[in-house]
Amino acid sequence: MCGIWALFGSDECLSVQCTCAMKIGHRGPDAFRFENVNDYTNCCFGFHRLAIVDPLYGMQPLRIKKFPFLWLCYNGEIYNHLQLKRHFKFDYQTQVDGEILLHLYNQNGIQEMASLLDGVFAFILLDTANRKVFLGRDTYGVRPLFRLLTDNGFLAVCSEAKGLTQITHSMSEPAKITPFPPGHFEEFDLKQTGKVKSVRLESFHSCTDKPRHAVHDSAGELATDFALEAVKHNIRILFENAVRKRLMAHRRIGCLLSGGLDSSLVAATLVKLAKEEKLQYQIQTFAIGADDSPDVVAARKVADHIGSNHHEVNFTPEEGICALEEVILHLESYDITTVRASVGMYLVSKYIREKTDSVVIFSGEGSDELTQGYIYFHRVHFIYILSLRVPFLDHRFTAYYLSLPEEMRVPKDGVEKHLLRDAFRGLNLIPDEILWRRKEAFSDGITSMKKSWYTSLQEHIDSQVNDSELEEAPNLFPYNPPTTKEGFFFRQIFEKHYPGRSKWISHYWMPRWIKATDPSARTLSIYKPDKDQ
């Protein structure tokens, strides 16, 4: 991943403001650039680079001789940039996938540009000829983007909210830092003073509609009827296509492997396609947990089956507890389920970054939300990590899956994700026991059979927060007051790093379609971990 940061109409000296851009330095360890905008002394860009494609010409803001009036800062990958280049006969000046944005915008305008992009992205585009600034973000918000806009037209943009918290401005009232909405672009008029005015905010993608860029997709046209065998064939075609297009990289590729259905399908397909594409290295897979945890045992079986270079990262409750403050700092959240689930991700990310040369990391994230895989659906959401690729959130794949009749997508015979499992039945892509393995709660999946991460965490927090402190929570934290000791503990850490920013979280995540007092699946009566089956 990369880090993008920009100011338009700063009231403070840019040399002072630019220190804020260093707060996201972890996003791009390979290079950093801070660049002023010609003729606008109070406008600038900051960029932290993780070099994935075109090591020579990939620095940003990206500018090319053909369009000297365009400035682009973006984070992400555009998987169909070569197809679009060929289709429109564009003359590239770099090998950077993001160059396609400049050509598309110049020829077709912002709406058409955004709708034709197949990938994950957050961008800041400046057009000095027409005095315009544009912001945009991919369909599902895989790449983050935050903005701060004052009443007098000072705009600050960053990949993470922490890069905006110390920005100074002339307004008496504090300016809100808000996440940019996924699947949208925003257009601003740029005044000669460098200040901006928002003139439109529009959606360019719908999650359920076939995307505009599908006509340039190598998967081609699909059968349109809902016969079961045709549907399963389409699912396989689109999923493999989603993995294949994400092989675009000049750095080593790896994959997270929990031993569950989703990550196993991704890892197996990735290894298969890597062989077909003749990559000059073995795909590395990564599992985290105690040596006897269900996830680690299952991941080991999958790795043996697919022939990956497998790494197991030991994870103890004590290590998880020690990582909590760093996790909350990077997450910019105090939501209980988000923090809990991100600890393992943080620790395995740290291992990958420090111990291996894999930089582009595939993951099975997104499948649960798409396929109704969370156990709650029987009655009826990443910490920073290198460069993450999520095939299950491929726009064409998700649009197709969500277009299917509801009765095909719901759990069947008590088995969640039944349609997805059935689509890969009999192919020997992954072991059958993994294909039909029941979903684990995070706390049961990665920790020892003897004692779960959830239990160890609760015991530690009980020793840190007493009953009287929890009783004072509504007075200490009147907005979103925590109702549990765990919530209180996380909130204390959050307020230490982001005082007065509690409204970044609108509510605590909790399943609404059942009666629940804790977000963990393991607290539900319906839930039984693998060891109890």
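Just so it is clear, glycine is given a Cβ too, placed from its N, Cα and C backbone atoms.
According to TrEMBL, the features are:
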{"type": "ACT_SITE", "residues": "Cys2", "note": "active site, for GATase activity"}
{"type": "BINDING", "residues": "Asp97", "note": "L-glutamine binding site"}
{"type": "BINDING", "residues": "Leu256, Ile288, Ser363, Gly364", "note": "ATP binding site"}
{"type": "DOMAIN", "residues": "2-191", "note": "domain 'Glutamine amidotransferase type-2'"}
{"type": "SITE", "residues": "Glu365", "note": "site 'Important for beta-aspartyl-AMP intermediate formation'"}
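Features recorded in TrEMBL, as mapped to the structure shown.
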| residue | record | CB count, 10 Å |
| --- | --- | --- |
| Cys2 | active site, for GATase activity | 25 |
| Asp97 | L-glutamine binding site | 25 |
| Leu256 | ATP binding site | 25 |
| Ile288 | ATP binding site | 27 |
| Ser363 | ATP binding site | 23 |
| Gly364 | ATP binding site | 22 |
| Glu365 | site 'Important for beta-aspartyl-AMP intermediate formation' | 21 |
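Of all the binding-site residues listed here (Leu256, Ser363, Gly364), Ser363 has the Cα closest to the Cα of Asp97 (L-glutamine binding site). Take the mean position of the Cβ atoms of Leu256, Ile288, Ser363, Gly364, the recorded ATP site; other residues of that chain with a Cβ within 8 Å of it are Cys255, Leu257, Ser258, Ser263, Phe286, Met345, Val348, Ile361, Phe362, Glu365. Spacing of Glu365 (site 'Important for beta-aspartyl-AMP intermediate formation') relative to Cys2 (active site, for GATase activity) is 20 Å (Cα to Cα, whole number).
Ser363 (ATP binding site) sits 18 Å from Cys2 (active site, for GATase activity), taking the Cα positions as reference. Binding residues for ATP (Leu256, Ile288, Ser363, Gly364) extend across at most 14 Å, taking the greatest CA-CA distance. Mean pLDDT for the domain 'Glutamine amidotransferase type-2' (2-191) in the predicted structure: 94.
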